[in-house]
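Chemist: In case it's useful when we look at the structure, here is the feature table from Swiss-Prot:
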{"type": "BINDING", "residues": "G10, L11, E12, G13, A14, G15, K16, T17", "note": "ATP binding site"}
Amino acid sequence: MKSKFIVIEGLEGAGKTSVIQQIITILHSNGIHNIISTRDPGGTPLAETIRDIIKKGMNGEYITDYTELLLLYAARTQLVAQVIKPALMSGTWVISDRYDLSSQAYQGGGRGIDIRLLQNLRDAALGKFYPDLTIYLDLPPSKCRARIRARGIPLDRIEMESLSFFQRTSIRYRELVANDSRIITIDAQQSIAELNATIRNNIERWLKSQQK
């Protein structure tokens, strides 16, 4: 089977990291071992530096919404060019913690940036390069915030946003995933056992569909 690009999406605290590890295990059990995982923003030295600015700020300087948006796309285009596309061309599967859907939801919903502008920027920066599969972990913003705060570590610049910010982001996520057949929505409120079973069933069903 040709190498694939899989993305895990969701709000902070939705459980993306655990699901990525589970998907890697599922792929291994299906004979797929040549896999790398990455994150967006991040994944290259330059993109990781940009990630730090987005997450931590820059010596207290105010970061405008459009500056944040352009930083995200700078990091993303670097990740695609330096990591994702070369890996896929070499036969390696790629699993990413976030990709472009995050900007469409966070910047379009949370920040309120014009949706058409975001779509045009996406097309200009990434062309027609889309994930083969996106898993969206749907969890209410209030529960995501509770999980984040339960970690007991300082919140980053994004995690400190208001509940209404994450509610707007969640609404936009749901609008986006409802119109794309390449995205599978998973109810992340399930128990760990139920969530694991749902992930496995969906991934294995998708793998079978790719073999046709």
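Glycine is treated like the rest: Cβ placed from N, Cα and C.
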Chemist: Among all chains shown, work out which of the binding-site residues G10, G13, G15 has the most CB atoms within 10 A of its CB.
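Modeler: Of the binding-site residues G10, G13, G15, the most buried by Cβ count within 10 Å is G10.
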Chemist: Starting from the Cβ of A14 (ATP binding site), draw a 10 Å sphere and report how many other Cβ atoms land inside it.
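Modeler: Excluding its own Cβ, the number within 10 Å is 26.
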Chemist: Would you say which of the binding-site residues L11, E12 has the most Cβ atoms within 10 Å of its own Cβ?
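Modeler: Answer returned by the neighbour count: L11.
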Chemist: Which of the three DSSP states, helix, strand or coil, fits A14 (ATP binding site)?
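Modeler: SS state of A14 (ATP binding site) = coil.
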